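Heads up: the structure comes next, in structure tokens.
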């Protein structure tokens, strides 16, 4: 891939446009037209400005340094697209002695999107799409199982659920950042998130949340009535999940219940009802899978979690994490096998399931739980 080269002046022009100058352009262009004189109203401009992030007053204002400009020349969209953590890779395997926070390093959002919407894109984690994939996979499994034998899955339904996964994941991240904004400022990996850093106000976050939920409602209304009710009920899990880490050592289990709701919804969207013998084992296989990858992921933050006073399965299991995650992995594969058996799927399903179990075993037993970068890397490989 060809390197992306930007001059210093061009980079500043792309990454740091002035909001005040943008508003002045709106004002000047509006004053020249009698049909839009209301736009020049100071009250209107004042209200409009609240929807734009306050770059100058944020506690961690993003400055384009010489180091960041040099990183732009080596920017590789493919790699940034699967990144899920602010940490850099530590190939030494010796913990995090040389691991540094690069949350301020440019991503494709900083390079290609207008500055006014960059914080919103980061709030929805558009630069870290692994969460969307993890939310979408159970939906795709269920839609595929519900398809007529001998025929391909309904691609229109799969596309709807893909868009829904993107929107619901973004809404979930927004809720999480709004509720955890005080905690995030004390955690190294999360302190530069838009709400925690002050780049976006809670009001702006709530407005963005409403926008995402409105788009999600448009997708939900295209499903049958049974699925509409089932899909809407998942919002209770979405809104309550961020609070679980304050009360229980099992927030990863609650995340599993939330993230794998699509295993139920995908089937009902195709069939109009649920078949418990097939979809319940499929649903719980996803819950066990989430317990595997998110427990590994939680080991990145265990020192900060102790300091802040929040809970996780990483803290609950401690040195027994690999034994626990092995048990969850066995339960995941067994549940998938049971779901496939009840759906009367042929032998190729079990051949691929055996390959998946080998990959999952390798992921669990080779992860270095004392190395943040390796925990992040194994979580990405979980896809």
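Cβ coordinates are placed from backbone N, Cα and C, and glycine is handled just like the others.
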Range among 253-270, 307-324, 325-342, 343-360 that TrEMBL annotates as transmembrane segment: 253-270
Where TrEMBL places transmembrane segment among the ranges 107-129, 130-152: 130-152
Feature transmembrane segment in TrEMBL, mapped to one of the ranges 199-220, 221-242: 199-220
